[in-house]
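TrEMBL annotations:
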- 1-13: domain 'EGF-like' (DOMAIN)
- Cys3-Cys12: disulfide bond (DISULFID)
- 26-56: domain 'EGF-like' (DOMAIN)
- Cys46-Cys55: disulfide bond (DISULFID)
- 64-99: domain 'EGF-like' (DOMAIN)
- Cys89-Cys98: disulfide bond (DISULFID)
- 107-142: domain 'EGF-like' (DOMAIN)
- Cys132-Cys141: disulfide bond (DISULFID)
Amino acid sequence: CVCPPGWTGTRCQTQCPEGTYGKDCNKTLCDCLHGSSCDRWSGCVCPPGWTGTRCQTQCPEGTYGRDCAKTCGCQNGASCSPDDGRCNCTAGWYGSNCDGACPKGRYGWRCRQVCSCKNNATCHHVDGSCACVPPWGGRNCDK
C-alpha cells in the first residue's frame with residue numbers, strides 16, 4: 001500500500017507523528033521556527049510575516065502576511081510591518097499609508113512637534129525648518 005502524504009503504516013492507518021510530514025512520514029523533522037506549526041502533509045505552516053521551508057525568512061520589504069502574498073501600500077519612505085502590513089511612517093507623514101503630510105503647524109515623527117515659525121512663515125512638515133516671508137529672517141523668522 002502506498003500511503004498518501006501525512007499517513008504511514010501497513011494500511012496507511014496512522015497519521016504522521018508530531019514533527020514529521022510527507023509521504024510515509026519520512027521527510028525531515030519539521031524544525032519550524034517563529035511559532036509556526038508542522039503540517040503532516042506539507043511541512044511548516046508559517047505565521048504571517050515569515051516564509052521559507054522552516055519559516056526562517058522574514059517577508060521582503062514591501063510584502064506582508066501569510067506566505068508574504070500581500071503587497072504593502074506604504075508611501076513616502078515608510079516601512080511595512082511584515083505580519084499585518086501596518087505602515088511605520090517616517091518623520092513628517094501620517095495616515096494608514098503615510099500619504100498625508102503633517103497638518104499646518106506640526107512636523108516630525110507622528111507630527112508630534114509644534115512649529116515655532118513666526119510672522120506667517122511656512123513650517124516644513126518633516127524637519128520644522130521655517131521658510132520666512134520678507135523682510136523677516138532668522139531661524140524662526142523673528143528677526
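Cβ atoms here come from the backbone N, Cα and C positions, even for glycine.
Small disclaimer: the values here were computed from a predicted structure and weren't measured.
Annotated features, which come from TrEMBL, shown on the structure.
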residue	record	DSSP class
Cys3	disulfide bond	coil
Cys12	disulfide bond	coil
Cys46	disulfide bond	coil
Cys55	disulfide bond	coil
Cys89	disulfide bond	coil
Cys98	disulfide bond	coil
Cys132	disulfide bond	coil
Cys141	disulfide bond	coil
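Residues 21-25, 39-42 of the same chain lie 6+ residues outside the domain 'EGF-like' (1-13) yet bring a C-beta within less than 8 angstroms of a C-beta in it. Compared over the disulfide-bonded residues Cys3, Cys12, Cys89, the count of CB atoms lying within 10 A of a residue's CB peaks at Cys89.
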